[in-house]
Amino acid sequence: MNKEEQKVVAQVDDFSLSRVPMDKRQPLWQVLAIQIGGFVALSQFMLGAELGYGLDFKTAVIATILGSVILEVIAFYLGLAGQKEGLPTSLLAKWAGFGTVGSALVGVAFAISLIGWFGIQNSNFAAGIITISGQHWPFGVVATITGLLVTLSVIFGFKGLAWTTVISLPLFLVMIIMATANMLEGHSLNTLVSMAAPSAKLTLTTAITLVTGNFIIGAIIMPDITRFAKSGKDVFWVTVVGTTIGELGVNVLGVLMAHATGTEEILPIIYELTGSLGILLVITSTLKINDINLYSASLGFVNFFKQVFKIDFNRGGVTLVVGIFGTIASVLGIIDKFAGFLTILGIVFPPIAAIIFIDYYVLKRSRKILDESRRTGTLPSYTETMHPVTLVAWIAGAATGYFVTWGVQSFTVLIVSSVVYYVGMKIFDKR
């Protein structure tokens, strides 16, 4: 296969195993819309309602701001590396501390987790449609249809993500405006802001952990999206605007709605404020987050099979298989038993962000070969298998996340992983 044929194959495959060329990068608005779409979803409203039910308005906003700052730092620096190199997270990790074996593990861990979330969101999507319709449609049939619709949109790659966002995001914003207007008609904003929490059951540190944990995977897989950005400035605006609107904006509304209704159950809140139309739009918004889940899962599996088995699978084909598997899992109810495993996987992700950051920006162990290969639009020819210090730092961070429950858990994990990796590499280099 000559170079021109390779370029055609890479483009059709959405550049899953190669750099995204600069002439294939997308405008700021398109990348930003996808990022906002990842935030503005039912799960984000659920988080806001949970914060509002357990905290007063001021404390909930402080928790959201502090949690958002942590997410923004992770998302920006990893997203900037992804934009500069034109690589998704699982492939970027190969030259940012993890090597061939490590990046394969990163890819498959992300993929398994994201399939789980795909199934969970698809179950919610289907159940919501059945509830709103008032019909006794078989859950399995509806879940199959919704799962396959999302799968088909993701087969088209980045452009498919943009297409679903352009349709669903404006509808979701209409719902937000309706809910806010109806809420303010029956309640004084000053009262909602100054009232005590309906149930004071959360602490500030717990709330910050909830905020960061809700989108930590999204922050780490930021390069999957920003590799299509044209500049570092675009990454900055995608990160800041996306997080401000999606995290702060939606969370604050969720907090106010919980105060207005005295409950943390988001669907009754939306129904009370907007009726069936609002619930339909909220549930439809899961389409946006689910297509990102499936897209990144397919990238992770493609990278895994390439690194471990030296097989170049087509991303579109992998998307179809993964989407069908996730759909079947949601139909059979396997996802309900998968939640515990997803929780365990959740503690292994923050150390990945810390290791990539320290290796790429501080130690710069592979920056020279990345810079040289980037000039020719290729990938470095040399890759280490997996440095033992990486494994130690990864385990140390995951263990911290599992055993240490005080303070802001995600922040503690990031610090521990960063320190262990940096010090370990310095000690190893002196040997």
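The first residue you see is number 1, and the count goes up from there.
Glycine is treated like the rest: Cβ placed from N, Cα and C.
Some features that TrEMBL has for this protein:
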TRANSMEM  28-47  transmembrane segment
TRANSMEM  59-80  transmembrane segment
TRANSMEM  92-117  transmembrane segment
TRANSMEM  137-158  transmembrane segment
TRANSMEM  165-184  transmembrane segment
TRANSMEM  204-223  transmembrane segment
TRANSMEM  235-260  transmembrane segment
TRANSMEM  266-287  transmembrane segment
TRANSMEM  316-335  transmembrane segment
TRANSMEM  341-363  transmembrane segment
TRANSMEM  384-404  transmembrane segment
TRANSMEM  410-428  transmembrane segment
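Where the transmembrane segment (137-158) meets the stretches 28-47, 165-184, 204-223, 235-260, 316-335, the count of C-beta pairs under 8 angstroms peaks at 316-335. In this chain, the transmembrane segment (384-404) lies out of contact with the transmembrane segment (204-223); the count of Cβ pairs under 8 Å, excluding pairs fewer than 6 apart in sequence, is fewer than 3. Sequence-distant contacts of the transmembrane segment (410-428) (same chain, six or more residues past either end, CB-CB distance under 8 Å): 70, 74, 97, 208-209, 212-213, 216, 347, 350-351, 353-355, 357-359, 362-363, 365, 387-390, 392-394, 396-398, 400-401, 404.
With a cut-off of 8 Å on Cβ pairs spaced 6 or more residues apart, the transmembrane segment (92-117) and the transmembrane segment (384-404) reach 3 or more such pairs and are scored as touching.
Same-chain residues lying 6 or more positions outside the transmembrane segment (384-404) and placing a CB less than 8 Å from one of its CB atoms are 97-102, 346-348, 350-352, 354-355, 410, 412-414, 416-417, 420-421, 424-425, 428. Contact between the transmembrane segment (28-47) and the transmembrane segment (316-335) is not supported, since fewer than 3 Cβ pairs fall under 8 Å when only residues 6 or more apart in sequence are counted.
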